[in-house]
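If you check TrEMBL, you get these features:
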- 1-35: region 'Disordered' (REGION)
- 139-207: domain 'HMG box' (DOMAIN)
- 139-207: DNA-binding region (DNA_BIND)
- 224-288: domain 'HMG box' (DOMAIN)
- 224-288: DNA-binding region (DNA_BIND)
- 319-383: domain 'HMG box' (DOMAIN)
- 319-383: DNA-binding region (DNA_BIND)
- 496-561: domain 'HMG box' (DOMAIN)
- 496-561: DNA-binding region (DNA_BIND)
Amino acid sequence: MGKKRKHQQKNNDEAIIETSETDSNFSPSKKQKNEECLAEEDIVHDWSHDDVVTLFNNIEAQLPQTDTIKFDRRLDQIDWELIKFKNFLPEECKDYAKSFIQKIRKYRTLSEVVSDAKFQLDNPNTDLKTGKMNYPDKPKKPTTAFFRYFIDRRSKYQSQNPSLNQSELAKLIANKFSTLSEKKKAKYIRDYEKEKAEYDEKMKKFRHDHPELLKDKQIRKAGPSKPLKPFDIYFASRSKKYDEPNSKETSELIRSSWNNLSDIKRFKWIKRSIQDQKRYKDELDEYLKMFPKYKPPQMKSILSKSEKELKNKIEGRPEKPPNSGYMLYSKKMLTELTDVPSKEKMVIIAQRWNELQPEEKEKFNEKASKMQAKYATKFKTYLQQFSPEEKALILEELKVKSNNDKNQQQSIRNSALIGYQMEEIKRLGKEFPNKNRGELIDEINNNWNQLSEKEKEKYFSLAKSLQNYLPSTSTGSSDNQKKLLEVQFIEASGFKRPPKNGFSLFCTEMLPKYSHIKPTEKMRHIATIWKEKLSEKEKNSYIDKSKKMNDDYRTQLDHFKKVLY
């Protein structure tokens, strides 16, 4: 028994040493865990396989049919007097059950835990927490030179410094080891190298006995080499000229040289990096055909933000304009609010935007729409200089899909006609009140066909501006088509989407009254009024009004759909 305790203490010491090397902040809690592991080992030696099976069968017999509470609470609630058997006391049964369950995933009912416990008994080499196989015949790694020194000197330094905790003691021994002469270190290094040679031989046999491990490892580490960033390609090219290419001094010199490159020279390496990215994609496609189960790693962009901006500038890519009137206004105001702290700028801009008259907001919206239309034309011209493969990479980077030109033109023609129909139907409805909607639409379509291209131009301009910020209308994307249709309806008819519910309608009315309050506090203040100061009758009034507004809006939108289809 004394030898057994000595062996367990040695294992415990090695566990503490390994922890100290990987984590310099060696904490007492880790020692406590090691001691708990030893305690578990003592229990395990007293229980046979049949005893453990009996234990969990007895536990299972005491569980309710609908076990819904967490397993640790259930362990404390069940009657262990009914579970004990042979010479095992109730406390022993409970302690062993808890120690065995530590090997299994937690936060489940005891019924589920017992099921896993039985599986663990039948599959002792499977780690249920990770799902990986544990191989009992796998050789243990040799103890390093420092670990050997730590074991050798630990008792001595611990007795000399009883006030030190485990973390401080590990640091002290590490400092002592680092100051040892090469001659004194040689003994520990020799012992390690001898054990390492034996370990390598055992691992060869282990890999031979388990060829599936090598196959899994090859699949995980295989695949084409990742594409290199511009600086990585530059570094590989320049480091060949130095005697010590991997030294810190060489890295600093090459980095300094890279930082001083002109834009044109840097662009050369950016292009090489993009070519390497294409090489990676081609090789990956071929590799996946050969190994369909291979999971390629997630790739980040190979270009930094500044490199993307430089590439776009040299290639002549047009700058994307603000996508709304508010964004255009924000961009303008940001250049003017130079003395305002960054955190307060957007708050002030939002307040000033809300104070603008509708006519002023409309001017910004119209300007933003025109800028979007110009951008679309310039971007299309810009794409024409690239091959189909390069164009695909650019569009993939922007996360957009190229629309079919024919479908795009048809969409613009439909939008222009709809705009004309919505404008004319109001006028003709008053002029010919006895005609139904279908008759009016027929007359409007005839009038449209008789218009000259110059007369249609203003409707086409509106339709084109809409195309640049409306959702994609790819075939089969019904959600996008619905959004497109609704936005077209709003823009063409002048209707506004009503508040979704009574509270939203109340907020719409109250927001202008509290423009002096910070946006972060404004909604909280309005919500408090809604909850605490409004009567149920007043709330219902807003709810009913909102419902009527949505019904009217939906009716008009349905009429719009009938006109289109």
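Keep in mind that glycine also has a Cβ here, set from the backbone N, Cα and C atoms.
Break the domain 'HMG box' (139-207) down by DSSP state and the numbers are 55 helix, 0 strand, 14 coil. Applying DSSP to the DNA-binding region (319-383) sorts its residues as follows: 52 helix, 0 strand, 13 coil.
Across the DNA-binding region (496-561), the DSSP tally of helix, strand and coil residues reads 53 helix, 0 strand, 13 coil. According to DSSP, the secondary structure content of the domain 'HMG box' (224-288) in residues is 50 helix, 0 strand, 15 coil.
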